[in-house]
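Inspection log for the structure reproduced underneath, given as structure tokens.
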Amino acid sequence: MNLYESMNPTAQRIHELTDLLNRYAYEYYTLDAPSIPDAEYDRLFRELEALERNHPELKLPDSPTQRVGGEPLAGFAEVRHEVPMLSLTNAFSPQDENGVFDHAEMYAFDQRVRDGLDGGNPEYVIEPKFDGLAISLLYRDGVLVQAATRGDGTTGEDVTRNVKTVSNIPLRLHGENVPELIEVRGEVLMLKADFAALNQRQTENGQKPFANPRNAAAGSLRQLDSRITAQRKLHFFPYSVARQQGGLIAEEHIQELAYFQALGFSLPNGNFGCFKNIGEVLAFYEHMQQKRPELPYEIDGTVVKVNSLAQQHELGFISRAPRWAVAHKFPAEEALTIVEAIDVQIGRTGAVTPVARLQPVFVGGVTVTNATLHNQDEVSRKDVRVGDTVVVRRAGDVIPEVVRVIFERRPMQETAVAVSDGIGHQQDDLFAETPSAKQTESVPLHKPYRLPARCPICRSEIEREEGEAVARCSGGMLCQAQRAQGLIHFASRKAMDIDGLGEKQIEQLVAQDLVRHFADLYRIDIPTLQKMKETADKGSSENENGDAETVSGDLSKYNTQNGKKQPTKWAQNILAGIESGKTPELARFLFALGIRHVGERTAKTLAQAFGTLERVRRAPEPVLACLPDIGTVVARSIAHFFAQAEQQAMIDELLAAGVAPQAQAVSLPAAQYAGPQRWITRLPGFKISENKAQALWELAGQSIEGLQNDKALPADWQAWRSKAQNTALLENLKTFFAQMPSEDEAAQGSDGINKAVAGKTFVLTGTLPTFKRDQAQALIEAAGGKVSGSVSKKTDYVVAGETAGSKLEKANALGVSVLSEAELLTLLC
């Protein structure tokens with residue numbers, strides 16, 4: 001007896017129809033070889049719909065009727081990616097005026113790969129770089145159970161219901177080698193023909209058309225009503241396996257692609273391939289660039305990957321991108337337009353960026369009205385002026401920039417000039433004997449552009465430090481533009497993560513002078529928010545076009561009690577978000593301060609090296625310059641920030657307002673990075689090699705006191721230390737090192753963390769029963785440990801939860817210790 005014979009007739013027919021319709025859909029969408037007429041497919045589809053409507057309990061998880069969508073959702077749930085969805089580094093091959101490509105960046109990529117493989121000869125797979133939306137598909141026992149967007153690479157949104165409406169995504173995998181679990185990464189996009197049809201419908205219905213297929217695909221996939229998504233005709237192409245259990249385990253990426261096709265996925269047939277060397281790769285890239293207009297989908301380049309998965313593993317990753325792959329972008333699309341004006345934008349750090357205001361022009365799929373001119377040197381080099389006809393490019397197909405001026409089209413004017421009498425005298429126009437045409441010359445209508453001397457926002461002087469390309473407004477937090485941008489950064493998710501306080505609210509608070517400094521955020525109360533809202537509403541009502549309505553957004557919701565306006569929950573949510581963010585991790589707090597050159601990674605390094613805010617505030621510049629990934633320029637910027645009385649006062653004000661950055665164990669002891677031979681070489685105004693610095697240290701009795709007082713030390717050292725500022729610096733260094741924990745103390749942790757955690761490398765895999773991944777990571781890092789994304793021989797512990805995959809298998813193979821969540825907590829206590 002087969003499976004169907006054991007069922008009742010209705011269940012049997014539902015199974016038969018589901019299998020039939022899925023097979024027919026595969027033939028139509030993937031093989032492009034339908035075996036039945038459309039009318040017959042529609043008849044069978046309607047039969048299945050009727051059976052499922054009358055017997056919903058018999059509906060199968062891979063039923064093709066799910067592709068029509070369902071009732072709207074209230075919102076999208078978050079999905080934590082088991083394996084982060086990383087980005088790729090970009091490489092460009094600019095063309096000269098004869099259309100010849102300069103492939104220097106790709107040859108450099110090939111050389112880096114070869115160096116990483118110790119001279120090995122890699123094969124490469126080249127695929128189209130689709131201009132769509134990256135998603136991840138999770139299948140268990142062959143059935144699609146979850147689909148998620150990329151999000152920030154770590155956390156995305158659950159779009160399973162919408163993805164099930166995409167016709168060429170199999171709801172159940174095909175073939176004989178179906179894995180127990182597989183997570184497929186790929187791109188959702190909209191074909192050019194479907195995009196044109198969608199925009200025609202939008203126009204006919206009086207709705208705004210989409211700017212490009214990518215925007216249409218992204219907007220369609222994130223519809224809360226999956227029935228709308230179903231109408232939009234999205235398409236999917238797979239490009240990688242994130243994790244897999246069972247099934248056919250490939251050894252090469254080209255085998256993965258073939259496996260995708262066997263499982264029922266569509267591939268961009270004819271537009272990908274495997275090549276033996278970089279020369280063949282580049283020839284195929286140029287072929288694809290020529291073929292680009294004919295393709296049924298938008299691409300903005302190709303993706304080049306090392307074919308061997310073992311070689312991919314050997315090469316590994318750098319930062320947030322793999323070393324074994326690169327996005328080889330096509331030359332950006334360009335267009336001509338006219339510069340109508342040039343003004344400046346003021347950034348968070350006071351950076352003054354000249355911006356060209358342009359006649360609207362369609363470039364690279366979007367309408368461009370502004371383009372960056374980068375800085376004064378670039379404006380002068382390109383000689384961009386108001387009225388010029390310019391070539392505009394979307395650099396990297398993202399940021400519009402002015403490439404060059406078409407000087408032949410520059411607007412000119414005739415101006416009178418003095419005329420020589422031939423013997424060295426100048427005649428004025430009244431007595432000139434030459435024709436009038438010779439008494440004038442054609443000169444540009446507009447003068448060369450120069451940055452203003454003062455900030456257009458706060459009228460502070462614009463200054464440019466020697467050696468710096470960027471000019472900056474000197475107003476600091478006195479400048480409204482810098483205040484707003486600084487506060488937006490301070491409250492952002494990666495900084496203080498103040499939930500509920502968005503850019504529009506901060507801009508309103510600053511514009512109305514209700515908030516001037518970081519600490520002012522912690523003094524906000526209901527009356528302040530109410531005043532902000534009322535002023536925003538007043539501005540909205542006075543705006544003829546109604547554009548200001550979005551400024552207050554959800555702030556416009558009010559309840560009325562006893563005839564008096566009362567703020568609704570939005571205000572209380574903002575206050576709750578401010579209150580809950582008062583105890584940030586030290587690294588987040590340092591990043592939030594907006595110190596120039598200090599990003600997330602540098603902030604984390606500072607936290608790991610010093611453990612407390614007070615130590616960071618007092619860290620001498622030579623010590624800072626010794627830290628990993630922190631050079632002289634960054635160290636000087638950090639030291640300068642904390643040397644300013646107003647910045648120290650600002651931090652004190654935050655602490656007084658109740659902000660309390662969390663101290664953490666020192667996982668990067670000073671002895672590991674700031675040996676005396678290193679910080680001595682970084683003393684300002686004293687040039688010495690590390691070998692001579694070590695000798696000087698030994699002559700001084702291996703103590704800072706000796707450096708301060710020993711009169712037998714070399715004359716050049718005694719001359720240096722005799723200066724008052726250097727005497728003070730040595731005293732500061734002595735005090736600082738005395739307060740830092742020793743290497744043994746650091747290993748134990750500043751608050752008693754034992755050696756099993758501090759300095760150890762952990763890898764998290766699977767779903768933990770209590771903690772989210774980022775919570776567990778925060779606990780480990782606060783205890784002085786490090787969290788890595790991949791398992792290697794250097795891994796100390798793997799913490800495994802439910803559905804732990806290949807990382808657990810690799811840990812067992814390498815003999816790495818595996819912990820449960822409970823065992824991790826025991827280790828941390």
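Using N, Cα and C of the backbone, Cβ positions are placed for all residues, glycine too.
If you check Swiss-Prot, you get these features:
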BINDING   D38, A39, E40, Y41, D42, S87, L88, E127, R150, E187, K305, K329  NAD(+) binding site
ACT_SITE  K129  active site, N6-AMP-lysine intermediate
BINDING   C455, C458, C473, C479  Zn(2+) binding site
REGION    534-564  region 'Disordered'
DOMAIN    752-829  domain 'BRCT'
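For K305 (NAD(+) binding site), the count of additional Cβ atoms within 10 Å of its Cβ stands at 24 [all protein chains shown]. Cβ atoms within 8 Å of the centroid of the Cβ atoms of C455, C458, C473, C479 (the Zn(2+) site) belong to the same-chain residues I346, G350, R454, P456, I457, R459, S460, I462, S474, G475, L478, Q480, A481, Q482, site residues excluded.
Neighbour counts were taken at the CB atom with a 10 A radius for the binding-site residues L88, C455, C458, C473, C479; the maximum falls on C473.
In this view, E40 (NAD(+) binding site) is surrounded by 12 other Cβ atoms within 10 Å of its Cβ, with every protein chain counted.
The DSSP secondary structure for C479 (Zn(2+) binding site) is coil. Between the recorded positions K129, R150, the minimum number of other C-beta atoms within 10 Å of a residue's C-beta occurs at R150. A distance of 70 Å separates the Cα atom of C455 (Zn(2+) binding site) from that of E40 (NAD(+) binding site). Geometry remark: L88 (NAD(+) binding site) versus C479 (Zn(2+) binding site), CA distance 37 Å.
Over the domain 'BRCT' (752-829) the predicted model carries a mean pLDDT of 80. Taking the C-alpha positions, the distance from K305 (NAD(+) binding site) to C473 (Zn(2+) binding site) comes to 44 Å. Annotation note: C473 (Zn(2+) binding site) sits in a strand segment as assigned by DSSP.
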